[in-house]
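If you scroll down you'll find the structure; I have some questions about it.
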Amino acid sequence: MYSGAAAAGPPRRDFISVTLGPEEVVGVSGYNNSKAWRRRSCWRKWKQLSRLQRSVILFLFAFLAVCGVISYTSMGEAWKSITNKSVDDQRTEQEIPRLKLANPAVLPAPQKADANHGDYPELSLQKPPKPPHVRRGPSNLQIKAPRGDMRLKTQHDTMRAVEELVEADKVEKTEKSIISWRGAVIEPDQSTEPPSSKIMEPEKPSSVEAEDQKEPVPINERQLAVIEAFRHAWKGYKDFAWGHDELKPLSKSYSEWFGLGLTLIDALDTMWILGLKEEFEEARKWVANDLVFDKNVDVNLFESTIRILGGLLSTYHLSGDSLFLEKAKDIGNRLMPAFKTPSKIPYSDVNIGRGTAHPPRWTSDSTVAEVTSIQLEFRELSRLTGDEKFQKAVDEVMKHVHTLSGKNDGLVPMFINTNSGQFTHLGVYTLGARADSYYEYLLKQWIQGGKKENELLEDYMRAIEGVKKHLLQRSEPKKLTFVGELAHGHFSAKMDHLVCFLPGTLALGAHNGLAADHMKLAETLIETCYQMYAQVETGLSPEIVHFNLHAQKGHKDVEIKPADRHNLLRPETVESLFYMYRFTGDKKYQDWGWEILQNFNRYTRVPTGGYTSINNVQNPSNPEPRDKMESFFLGETLKYMFLLFSDDIDLINLDKYIFNTEAHPLPIWVPA
């Protein structure tokens with residue numbers, strides 16, 4: 001069929017004609033992507049949507065727009081804050097070390113004292129205005145950074161920010177554990193990091209900006225009298241005992257104990273605080289050129305720690321001079337063999353040249369006060385050097401003593417055996433010689449370490465309760481409250497002058513948040529210590545007094561035995577007067593101290609230079625001078641006198657420094 005059809009003729013073609021308008025031609029022949037075309041296309045699609053769909057889309061767009069505005073505002077402020085914080089952080093990293101001090105700076109180079117006060121002036125009692133003792137702040141003494149490991153710079157704004165951060169951190173820690181002891185609630189509001197086992201490289205300090213410095217408080221007449229007394233004592237030491245341990249002012253010679261210039265080292269920070277620049281520089285040269293610890297000599301661990309190590313550390317902090325830190329490291333390392341005992345209770349004596357240690361020849365015991373009153377110094381040495389061995393050694397002693405039996409309501413015996421680690425001579429309890437500074441260092445370590453070592457606080461609080469229960473009595477006729485001794489259940493009305501550290505320690509505890517009745521007890525005890533001077537013919541206290549417990553006609557409260565009537569120029573009463581005045585502002589404490597200074601000048605001053613201890617405080621016409629000026633007269637007694645007479649609470653601020661038992665101020669730690 002197909003073949004036939006094909007042969008019939010050519011194929012037929014059909015066409016369809018379509019007519020297009022102009023708009024359709026454009027639409028078919030090309031897509032020009034014009035804005036007008038896109039708008040018409042989108043609008044058609046929008047019109048094709050239902051009313052509900054269009055409403056939902058409009059709502060979403062409005063919501064996103066509002067969120068965008070809010071986010072832009074928040075992120076702008078956050079970015080600004082981050083930028084500012086970054087700048088501040090960089091500045092803080094340059095200025096604040098990993099472990100900061102409560103006093104983030106160094107006392108300034110001392111002002112030169114007035115040379116016109118070379119002779120002892122006739123001074124009337126000064127009645128300065130009551131200090132604003134409620135104020136606390138950065139030291140008025142101007143500060144420069146130490147030239148050593150601790151890189152510290154006084155920047156008011158930066159440190160204010162740091163203080164605010166610390167306060168904020170305290171708020172965050174309010175839920176942490178607290179200690180409640182008979183009404184006192186103590187928060188561990190600061191924390192301390194354990195020292196790193198790696199010694200940190202010292203950093204170069206930056207100088208203090210002139211605008212950051214404050215004008216120092218002028219020195220008053222009583223302080224000038226202390227400066228004059230110091231210069232007179234120093235003259236005798238320089239003329240007759242330079243570089244030796246102690247001056248013998250009457251014979252114009254010297255005595256040696258360790259052969260390490262004890263008086264000079266003990267007096268370094270006193271000279272700095274008193275502003276005796278020339279004397280300080282002269283003493284510094286001796287330390288740099290002549291103080292050598294590599295010598296075959298036995299030293300007492302306790303005395304060399306509190307006087308030499310403590311004095312060097314304190315002077316380093318006040319002056320920023322790394323020489324003193326290097327010397328402190330040297331003596332600290334040489335004292336470490338004392339801790340190589342079976343019990344870790346240190347021996348009393350160390351040969352700093354040979355590196356050996358031993359107990360006294362007559363016993364294997366150490367005194368409790370000596371082994372528990374070296375902690376402030378060794379702990380600070382660890383913090384500065386980054387070597388934990390120093391702190392570890394002394395902390396082990398405290399932890400061990402904390403666990404021992406043989407205590408009586410927190411009161412400890414006077415001796416401890418270095419082999420067994422146990423108390424010996426049980427049943428005898430005193431706050432005098434051989435036990436006194438154990439109680440002092442319980443509180444001061446707790447403060448030094450940021451109030452977080454609860455065992456120390458517990459032992460201190462328990463001991464004070466033990467004192468109240470067993471050792472407090474009242475005398476006749478003036479009913480003076482005093483601290484006696486307990487021996488195998490028998491009370492003795494004997495009180496060492498050494499016990500007069502206690503009012504100051506109690507006041508310091510109350511200032512740091514402990515029970516208010518501690519301050520009341522401090523006020524009654526400092527009155528007793530003052531009477532130990534006032535009721536004596538020379539106005540100077542004997543080494544030991546006995547109190548009358550029963551009224552007797554013609555008898556005072558204080559009785560003195562012939563063997564106890566010497567005075568060694570001790571500082572304890574003046575020390576407590578300083579604390580009491582600093583915390584209360586009561587000028588009677590300054591007046592009492594002024595009386596004591598005048599009596600020192602009257603009965604112990606040697607015309608050719610120096611002061612001497614005396615044998616008989618009851619004989620004004622012949623006090624029987626002993627021909628010896630103890631190093632602590634310059635290191636403690638005159639230093640506390642100067643601070644007592646100052647109305648500047650920031651002159652060694654007690655919220656920033658803690659004094660060791662030789663009156664050498666060390667910084668209180670605060671958290672990083």
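Every residue, even glycine, has its Cβ placed from backbone N, Cα and C.
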Disulfide-wise, see what TrEMBL says CYS500 is paired with, picking from CYS67, CYS529.
CYS529
Cα-Cα separation of GLU303 (active site, proton donor) and THR661 (Ca(2+) binding site), in Å?
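GLU303 (active site, proton donor) and THR661 (Ca(2+) binding site) have their Cα atoms 10 Å apart.
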Work through the recorded positions one by one (ASP436, CYS500, CYS529, GLU543) and name whichever has its CA nearest to the CA of THR661 (Ca(2+) binding site).
ASP436
Using Cα coordinates, what distance in whole Å links CYS529 (disulfide bond) and GLU572 (active site)?
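A Cα-Cα distance of 9 Å.
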Given the recorded positions ASP436, CYS500, GLU543, state which is nearest to GLU572 (active site) when distance is taken between Cα atoms.
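It is CYS500, whose Cα lies nearest.
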How big is the Cα-to-Cα gap, in Å, between CYS500 (disulfide bond) and GLU543 (active site, proton donor)?
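On Cα coordinates alone, these residues lie 11 Å apart.
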For ASP436 (active site) and GLU543 (active site, proton donor), what Cα-Cα distance in Å is obtained after rounding to a whole number?
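Between the Cα atoms of ASP436 (active site) and GLU543 (active site, proton donor), the distance comes to 14 Å.
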Among the active-site residues listed here (GLU303, GLU572), identify the one with the smallest other-Cβ count within 10 Å.
GLU303
A 10 Å Cβ contact count, applied to the active-site residues ASP436, GLU543: which residue has the minimum?
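Checked ASP436, GLU543; of these active-site residues, fewest Cβ neighbours within 10 Å: GLU543.
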